[in-house]
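Peer 1: Dumping the structure here so I can ask a few things about it.
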Amino acid sequence: MEKAGGSLSVGGSYPQKNAEILSSQYGINLFLAGLLLTFAWAVHAVGISKSHLLSYLITLMLIQLLWMLWYLCRSCTQRRLIRDKDTHAGARWLKCGITLFAVITLILDSFKIGYYIDFSNCLSPTEGIFPVTHAVHTILQVYFLWCHAKDIIQSFKTLERFGVIHSVFTNLLLWTNGVLTESKHQLNEHKERLITLGFGNITIVLDDHAPQCNCTTTTLCSIFSQGIYYLYPFNIEYHILASTMLYVLWKNIGRKVERHQQHKTPFKFHGITVGMIFGLIVLTSTIAIVVVYLIQIGRSKIKSELALTMFYLHAIFVLALMCTAGIVALLIYRLEDRSLDNSKNPARKLDAELLVGTAAGSWLLSWGSILAIICAQAHPKYTWYNLPYSVLVIIEKYIQNLFIIESIHREQEKVNDDIKTLRIVTISRGSTLSLTPSYKEIYNGRATSDSGEVPCLFKGGICGRENHAGDGAKEETNQENSSVIHSASDFSFYNRNSVTNNKRRVLKNIAAFLFLCNLSLWIPPAFGCRPEYDNGLEEIVFGFEPWIIVVNLAMPFSIFYRMHSAASLFEVNCKT
């Protein structure tokens, strides 16, 4: 096995590159096999049942559990094998976020266990084993990520590559399974709404995987079956976050890091009041819109059209505000002269790639809607609001991606933020002269305490008191006739610092506002408010099944984009 320490030679790096390629290919084949199995179950392929899919997922989770237990035991007994840490990976706020999603995932697992107990007469045993295994897997994985997400593994590297990449693709398959299950439920509800909207020419066939037996307790069965689908969005976000954190851990295996550590940047509410207030207004209004939308949609044609119109108008207003905020932030960046940090950073590189990659899902849906509006022969009134909405979705993501990517690549200021006030020297008649170094002198390291001299800050060349008896009377005379003013250079430096602080305050408010807006825009699609389904125009132009396939493929990426953007903007706010 490889040993830590020392620079990698050509002969040493070659086997490691091979190990990286082999492990990645192992993970891809693992994922493709599970993906085809999932697809076969979804289309009711002959000979493939849900028990086969769950058995495959249970096996993958058990293998990951064994690897994590081995890693945890080895790290406890041989702590000196792992010394380096990636300060950019596994931020505390990210760990808190994944913990929150994991707790809700555990509630989801408990609902699934209760659902299995009520329908145990006609469900496969794997449907009871799966949530139990998944709950254990979730608890241990969250503990593992809290303790070892920052590790840079330098021993047993070949073995660890396979273990980590196995964990990455296991979580991706669990994410795919959750997305598919939740999408099938949304599709069934959507098909029922189409009849209400008057699209009778579309064949309505419900894709039903419900148990073929009676529930032992009707009330509990209803609670479990309905509650499961409201909890799936959190389960989906949990697995995609876990897979990204594990991927960064995989990329860090064998990596040589620079010894300087970046200082921690905790989140502070001070100075972001305006952004938080406007963001909370958007969040509150979005929740209200989603509640009304879910109540009204499908009740009648008029109520459905009003619900769609209400959604589009609210979304257009929010997206316009986000575009404006993003443009202001980019203009501030253009006025600043700060270099970019181009050092190797797997976490930052992955963040940028995920932003652009997942934004493509929304862009695909938006261009589909624009094309449908152009090509459709008949246009109900509410469909015209879809045009500016789709255009703004494209523009907003373009601007926001540029802002976030530039923000996470900008170097932080090295000036101590706590030193913000220029100390003013004042002299009163008959008082002892008290001198303190100016802001610029502290910054340049030329404090008077080091040299024994004091700066000339006063008109007429009056300087500080020296320890010579002959100069005492002269200083007292000059104090009576002189007024205190600031040095012009100190004023200039203070003004520049004041402008910089104002820019930073504006940027922090913009980041806080965009953070809450992205959380707001994550809520509607995650909880079933999807006008791409209910609009109906796209399904007439492209056909029902082709458009539904496009929506089901693109929507998970669109939902993940909002949550990932919110996480990135939280980091930007801490860094600014």
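The backbone N, Cα and C atoms fix where each Cβ goes, glycine too.
TrEMBL lists 26-47, 53-72, 93-117, 129-146, 229-250, 271-295, 311-333, 354-379, 506-528, 540-561 with the feature transmembrane segment.
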Peer 1: Same-chain Cβ contacts of the transmembrane segment (311-333) under 8 Å, 6 or more residues past its ends?
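Peer 2: For the transmembrane segment (311-333), the list is 278, 282, 285-286, 289, 293, 382, 385-386, 388-389, 392-393, 395-396, 399-400, 402-403, 406, 410, 503, 506-507, 510-511, 513-514, 517, 520-521, 524, 529, 531.
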Peer 1: Grab the same-chain neighbours of the transmembrane segment (229-250) for me: Cβ-Cβ under 8 Å, and only residues 6 or more beyond its ends, written as numbers and ranges.
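Peer 2: Those are 23, 86, 89-90, 94, 97-98, 100-102, 104-105, 107-108, 111, 138, 141, 145, 148-149, 151, 153, 161, 164-165, 167-169, 171-172, 174-175, 178-179, 181-182, 185, 346-347, 350, 354, 526-527, 556, 559-560, 563, in sequence order.
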Peer 1: Rank 93-117, 129-146, 506-528 by Cβ pairs under 8 Å to the transmembrane segment (540-561) and hand me the top one.
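Peer 2: Ranking 93-117, 129-146, 506-528 by Cβ pairs under 8 Å to the transmembrane segment (540-561) puts 506-528 first.
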Peer 1: Under 8 Å, at least 3 Cβ pairs, sequence separation 6 or more: does that hold for the transmembrane segment (93-117) versus the transmembrane segment (129-146)?
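Peer 2: Per Cβ check, the transmembrane segment (93-117) touches the transmembrane segment (129-146).
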Peer 1: Mind pulling out the one from 129-146, 271-295, 354-379, 506-528 with the most Cβ pairs under 8 angstroms to the transmembrane segment (53-72)?
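Peer 2: The stretch I would name here is 129-146.
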Peer 1: Which residues, given as numbers and ranges, are at least 6 beyond the ends of the transmembrane segment (354-379) yet have a Cβ under 8 Å from it?
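Peer 2: For the transmembrane segment (354-379), the list is 244, 386-387, 389-391, 393-394, 397, 401, 404-405, 532, 535, 537-538, 540-542, 547, 550-551, 553-558, 560-561, 564-565, 568.
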